[in-house]
């Protein structure tokens, strides 16, 4: 380092050594007198004083309280109905199904749950299934998928990623879709019937499209062999996930909702952030402006009970909900805004009083001085 | 090339090793062996002159640089973590990604190292290829070669103004007297010339020098780094030995001046030259803040481990609670599930890699960047620039800027640091009579007035100035410098044009940088002052005074027409120059000085030529120097001595009668001078009989030729002769205070800094200067400690301590206590610093406002600094300008060198170099405060930032079964630290201004108040703050998204956004002054976050499994909930303790300080 310094001092002082006495022009080392270099850039120095803090508090209060009220009202207008059909209870209609269960049973167990809607649901209704205590966010679980296989990559289809282990191969055949997420896909099915007061049971049409993200369905998930209309051929050489009853190419009859681009599958693959979660199952579209989508009355939910939750003390729910611009029912945010706004406002008032009093005192002190 | 057996090669290598290691080296001329192969060369064992200061080679750069970087513990830690990612059981998402940050940081460091090394390589190459002249036997002349071709044993010719390529033993010069002048500015910055003398009688040098005739064996010592010491002798074929020392050695890197040519024999080349051996690596000092920082990093590691432990235990409990095997528990590839205990154990490591960001990987790099920025601003401060010398403040130590804000004790040298070191002759005492020189700045000027003064009649005073090295006396055809014009008769003006360039340089350098008297340093100079009373037998005309100076004519051939008015002197010590000028003012002009003679012109116009027989050089033991001359008229041998009063007084001949009263009077005058703050010197004379001289002379020659203990022997001979001196008189020379010193000292004191002065001067002088620079005040209680033995010292210490305690404990004295100051002399200091009294001394010193240490040696200076630093555990700063301050500068936490007056040794050893003492005020009070608060705040912020961010991940573990999942995309996490939030804190560390410069200068107390910015408390408060904010940032979105259909990474996106805003807004609250740069960087960071994240989530479809960033931010940004959650969370996070704390701080500031002051700024 000093070697370099010495050497460079030769260079820098070269005018002495090379050009001899009197030679060489000295470049002044005087620093530039600029605002930046002299650290004199014009600066704004925010100083927190009563004059700036008080209005800030009031403004926050004035803005937050209306927002909070708006959110709260919106949330309250959302209608939500939830029914737990886990069948833990002996009295529960699904008790039998929940007891006699194995992943591979071929005989479907169906349970029928009646319920009563006290309010008519005017707009489109979203039907969710809810699981609790299901850790879809477990580190190993989240990893256990092969995105390129799901993206339609032929190579990955036949050679799933190592991350899918131990659900990558079954009987020496690659699993499609591989991994623990796909393997544990929720497979209960719901059917909803409206019990007309006149005694007839009307099945309510459930739409199974539009429940996944558009980008997922069209970009992220693709069937292998893009132009191959025959999905069975495209999935040739693969086997179904161990827990599945049908192979992936038989998930739905509609070709644009089959295979990897089946929306139920896509929804499941978007792993939930928290152990208690809901996932969109179906949409009950609004048919006309005259009739509510779900009128008040008795309903019957027919569940084909396939999904075991006892191994993790889980609960299963079916949720019907209307939605607004802010999504589902969520009173918390409104309450939070109202609370924070009120606290700010209150603090503002308190500070104002203190300031007023102290200010007076110090003013009088100044005067007396 | 003949083939040689490996054995022979090995033997040769071993022999070479031995030859290099030997205490004495035998060198012969290469000329007889010219053209022979390498194996036959006699000096082949010694390295050539090519130098290589690069650390790396092209091929080995990567492994060597990696090796170097892994010396840093932090790097090993981070690489260890990166490797941990590749262990399968920790289930890292993408192990390769974990390598990116450490790779980027190490690559940046490597790039910096490579650039530095390349610069070194370039300068090496340039140096190695510099042309030089080497004698060739074949060509019978000097041939142009390169520096790298120079070998030990070669003959090298150097022309005027050329740089010496290697250490040369001077054999011949163009000067008839065999002298050669060199300038050592490249080595130590001293611009004055030093004289070197050719070894005589080794070659036939008449009329032309013939290297072939050199047939001696040169025996020299092993290379060492002492620039002022060299021992060697040449053994002629007839076994006659001729000794030589440093006075015959031309050092590599010096420039030859005022000598047409010089020829030397290469004794050391390349890395063995003294200048290269002096190039030790850079000093590495660790700042106090950095030491504290490392403790906090350890706290962070502990915190990390605690969090990992919580995660691991949590995972265990969670697994235990599972009633069966749930579908989300994924077995390994064999379908086997680990037991909960084992899983929990693995989970500990998974957690480590998940939460590793807690230990800020970029902190060290950021600190270095911040320091570079801070140094840039310090170096560019126009207030610290000195017009006169065109020098900025130099920051040599790059990593201790913040220590400038932590100083509690300052140790200052006096001469040249507090004072200007521009000497003015003031008064003298001759044979007991006191004379005053007129109180006017310019001695020359006033002396002209003085000539008419009737006092002059009584003063037949002559200064005899004997300079051991030389005085440069320029006989100028015409003056150029203003100073000379002052007293020059106008008729010389037309000659102005004839002035040569070299002269101009010397004159200006004399004006600007007179060298300081190094009475207390190793190589000094003698002056003699001789009063010649009119009653003396020689008569008034025959003046026994003489000046021995080295006459140096500007042009070698010119026969200078010496007119006394046109003389200008360059002396090694400004005291001497002052004396010579004063003598000249009284008509006794030094006309010429050669090694062997001194020419003096008397007021009568008569010229006297004294023959110089010997000079007895100054050393710090004797503290005096002498010259032995032969009087031209009486032919007597006279020894004149000059030195410190106590060094001279004890050597006076037996005092009787008149002599005794003269001595007493002189002593009284000396004391009086010292009280006035003058520097004193005593002058004596001794007539030596011829017989005595001759017997002494033999001893002297023997001592000079000795190889062993030469210094001691020559000193002994000097002591032998310097006895029974008769006192002539004493002089008092004024050294004025530098501009702004009192003001600076008062400000530093108000800032709570204790200022100590350590000086080689006598106590009276020091105390006087102390009053002058307001170090001592009139009403102060001054404790004077000067005692002869330990017992007395102990009792004085105890007494003083008791008194001091009584004073400070007395309630009546709360407001009226005079400040206590301690004056202690060197001898007493030695006793006080002995291990048994140390405690008491330090205790006493702690109570004192000021301590003046007088008559201290360089070693004592550093000892004082060390003792105070270690015993009181305080931050110390030492400031000095001379070689005698180097020890002290290196011992202190911060060493500051004052450039300009006395060479560059102090500057070379220092961490910062300034040009005036007054610059210390702004350097400490403003830059010190700023650098410290900036860096401290930045570091605290850095810890806060990482903890706040990492805790989001930690809280999430409670909701994912402690499985180590990250809800934020891995790349975005890396970007977050590397790009989105890295620049604002660096800018904050470089540019924030908590208090304006004017305010800091105006209210020095702020300096002390700023010192506690970074401590245990602030660290933990910011940690708590980080915990609070992370709780808010996690749980508000958590509650908002509970039981919804949100997925892992969609949940992470608002969290990431919220923490970005919280972290940046938190910084915004910390920023005290917003400039354009602040706005650009903060807003730019936000913009970059959105641009990068949007681009990343717009393009990454399957690029980073298992994370799924595709179109997430876009979706989120289309959702009003996202904004609503971001706003409320950020507001709550910042409204909490931060806001109230900020308000409190501001109010505190406002209350305590000067509301009007702040407003005005």
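Cβ coordinates come from backbone N, Cα and C, glycine included.
TrEMBL: automatically predicted annotations, no manual curation.
TrEMBL lists B:413, B:414, B:415, B:576, B:618, B:642, B:679, B:759, B:760, B:761, B:855, B:884, B:885 as binding ATP, and of B:685, B:861 the one it places in that same site is B:861. Between the stretches B:2-20, B:21-39, B:40-58, B:97-115, TrEMBL puts its transmembrane segment entry on B:97-115.
Of the listed segments B:267-292, B:293-318, B:371-396, B:423-448, TrEMBL assigns transmembrane segment to B:293-318. A Cα-Cα distance of 13 Å separates residue B:760 (ATP binding site) from residue B:881 (Mg(2+) binding site). Nearest in space to residue B:679 (ATP binding site), taking C-alpha to C-alpha distance over the recorded positions B:413, B:881, B:885, is B:413. Looking at B:73-91, B:1018-1040, B:1117-1136, the range that has the most CB pairs within less than 8 A of the transmembrane segment (B:344-367) turns out to be B:73-91. Fewest other C-beta atoms within 10 Å: among the recorded positions B:413, B:881, B:885, that description fits B:413.
Within 10 Å of the Cβ of residue B:760 (ATP binding site) there are 28 other Cβ atoms, across all protein chains.
Checking each of the binding-site residues (B:618, B:855, B:881, B:884, B:885) against residue B:413 (active site, 4-aspartylphosphate intermediate), the C-alpha distance stays within 10 Å for B:881, B:884, B:885. Secondary structure at residue B:413 (active site, 4-aspartylphosphate intermediate), as computed by DSSP, is strand. DSSP assigns residue B:679 (ATP binding site) to a strand.
The separation of residue B:881 (Mg(2+) binding site) from residue B:415 (ATP binding site), Cα to Cα, is 8 Å. Non-local neighbours of the transmembrane segment (B:1076-1097) in the same chain are 969, 971-972, 975-976, 979-981, 983-984, 987, 991, 1053, 1056-1057, 1060-1061, 1064, 1067-1068, 1109-1114; each lies 6+ residues outside the stretch with a CB under 8 Å from one of its CB atoms. Put simply, of B:73-91, B:97-115, B:293-318, the stretch with the most CB pairs closer than 8 A to the transmembrane segment (B:970-991) is B:97-115. Each of the binding-site residues B:415, B:679, B:884 was scored by the number of other CB atoms within 10 A of its CB, and the lowest score belongs to B:679.
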